[in-house]
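S.K.: According to TrEMBL:
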- 10-20: compositional bias 'Low complexity' (COMPBIAS)
- 1-20: region 'Disordered' (REGION)
- 51-71: transmembrane segment (TRANSMEM)
- 77-99: transmembrane segment (TRANSMEM)
- 132-153: transmembrane segment (TRANSMEM)
- 159-178: transmembrane segment (TRANSMEM)
- 190-213: transmembrane segment (TRANSMEM)
- 233-250: transmembrane segment (TRANSMEM)
- 257-277: transmembrane segment (TRANSMEM)
- 289-307: transmembrane segment (TRANSMEM)
- 319-337: transmembrane segment (TRANSMEM)
- 343-362: transmembrane segment (TRANSMEM)
Amino acid sequence: MARKRASKPTTTEDTTTTTITKEEILTNNKEIKHPQETNNDQPIAPPKKGFIFKLSLLLIAPYFYLLFFHYQIQHDLIKSILINAGLSLVGFFLTVKMIPVASKYVLRRNLFGYDINKKGTPQGTVKVPESLGIVVAVVFMVLTIVFQFFTFAPDSNWLVEYNAALASICFMTLLGFIDDVLDVPWRVKLVLPSIAALPLLMAYAGHTTIIIPKPLIPYVGLKVLDLGFIYKIYMWFLAIFCTNCINIHAGLNGLEVGQTVVIASAILIHNVMQIGASSDPEYQQAHAFSVYLVQPLLATSMALLSYNWYPSSVFVGDTYTYFAGMTMAVVGILGHFSETLLIFFLAQVLNFLLSVPQLFGFRHCPRHRLPRFDPQTGLLTGTDDGTLVNFYLRMFGRKSENSLCVHLLLVQVIYL
């Protein structure tokens, strides 16, 4: 989405000496400031509570069925998961309340954008507050820090990895917000996650082995191969990929947050299935560790989606896409299912492969690789840009923005 920043007005009267009184300065400031504040303090559209309630039932019901009825899970783990779920619910309502407040502040600082996919319509001229992912990230960090008090003992081995995970997520959120403010080039964006992933990799103490597929065992001579340091390099690239892939599969109202909600729901279901099917306490704790981070992510993202779903009243910014991508990379790595995590990101992998020629300079890469919008019909037409959004439109014809977003999220679900 295009972002417009205010610039200082220049004047030809800088060389002219003028004497004015203090009272005139104060009066002029009030006259200039008042209309701007009135314009920027306009309330955003209310959250789409009905849509979020239905979506929550659809995505979370299977998770809670598996957790409480299908599997016999230890009481202590259930208790910790429920405490985390309770904090996550508080985080949902807190995020819903904070987003309208934060919107006023970012508008005052001229952090806003115009919805390019509505250009030529009245909605295309509305200033939409940007970078509201910072609210989700702040609430998430507070919830996960408070949760430590209820679950981890001071000498817990998991506490080191838990805090390393929070350090990487916090670092990536900061870098994402810097990107929103400074608008750094694409090549720099690819480097940022490699820095933020360092605390995570330094604290990783899990396995570094992979299971060899059965058809390849006669050729390799091993059932399990220990990759050692190479496995950490793989995790480093995984963190870079997950953080950037949410950011480049974007451009529609609700798409960035929607894909995060779908993937996070799949991760929760996968974790509870692994906990219920295993009798190894260490293995169960690794997947519970993942649940402790994904539940707050899902709850706060649902709150953001209530404002970001079509028609969007806020933009999430790179702050959110980096934050969400790093969080899911963290839970996959420290939850010891980094290979499975890539399956959940198959739609993002396809989008990345389509984007490679433009991202690496083999083809011209415009600033916004968005479909063309026809204000007469309200439909989007696919361009030659290498994104899954444009590819889907070229394959299946023109669609409205809302319909296209729903279709792409269904593709995400099918790939799971």
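Cβ atoms here come from the backbone N, Cα and C positions, even for glycine.
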S.K.: Using a Cβ distance cut-off of under 8 Å, indicate which of 77-99, 159-178, 233-250, 319-337 has the most pairs with the transmembrane segment (132-153).
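M.R.: That would be 77-99.
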S.K.: What same-chain residues lie close to the transmembrane segment (289-307): Cβ under 8 Å, and 6 or more beyond its ends?
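M.R.: For the transmembrane segment (289-307), the sequence-distant neighbours (Cβ-Cβ under 8 Å, at least 6 residues beyond its ends) are 44-45, 47-49, 51-52, 55-56, 60, 80-81, 84-85, 87-89, 91-93, 95-96, 99, 132-133, 135-136, 139-140, 143-144, 147, 151, 158, 161-162, 165, 254, 257-258, 260-261, 264-265, 267-268, 271-272, 275, 313-314, 316, 320, 324, 327-328, 330-332, 334-335, 337.
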S.K.: Would you kindly check 77-99, 159-178, 190-213, 257-277, 319-337 and say which stretch has the most C-beta pairs under 8 angstroms to the transmembrane segment (233-250)?
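M.R.: Going through each listed stretch, the top one turns out to be 319-337.
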S.K.: Counting only pairs 6 or more apart in sequence, are there at least 3 Cβ pairs under 8 Å between the transmembrane segment (343-362) and the transmembrane segment (190-213)?
M.R.: no
S.K.: Tell me, please, if the transmembrane segment (159-178) and the transmembrane segment (319-337) are in contact, taking contact as 3+ Cβ pairs under 8 Å between residues separated by 6 or more positions?
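M.R.: Yes, since the transmembrane segment (159-178) and the transmembrane segment (319-337) share at least 3 Cβ pairs closer than 8 Å, they count as touching.
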S.K.: Which one, 51-71, 257-277, 319-337, has the most C-beta pairs under 8 Å toward the transmembrane segment (190-213)?
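M.R.: By Cβ pairs under 8 Å, 319-337 leads among 51-71, 257-277, 319-337.
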S.K.: What residues elsewhere in the chain lie close to the transmembrane segment (257-277), defined as a C-beta under 8 angstroms and at least 6 residues from its ends?
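M.R.: Tertiary neighbours of the transmembrane segment (257-277) are 55, 59-60, 62-63, 66-67, 70-73, 77, 246, 249, 283-284, 287-288, 290-291, 294-295, 297-298, 301-302, 304-305, 308-309, 316, 320, 324, 328, 331-332, 335, 337, 340-341, 344-345, 347-348, 405, 408-409, 412-413, 416.
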S.K.: Restricting to the same chain and to residues at least six past its boundaries, which positions have a Cβ under 8 Å from a Cβ of the transmembrane segment (319-337)?
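M.R.: Distant Cβ neighbours of the transmembrane segment (319-337) are 131-134, 136-137, 140, 161, 165, 168-169, 172-173, 175-177, 179-180, 192-193, 196-197, 200, 204, 206-207, 235, 238-239, 241-247, 250, 256-257, 260, 263-264, 267, 270-271, 274, 283, 286-287, 289-290, 293-294, 297, 301, 304.
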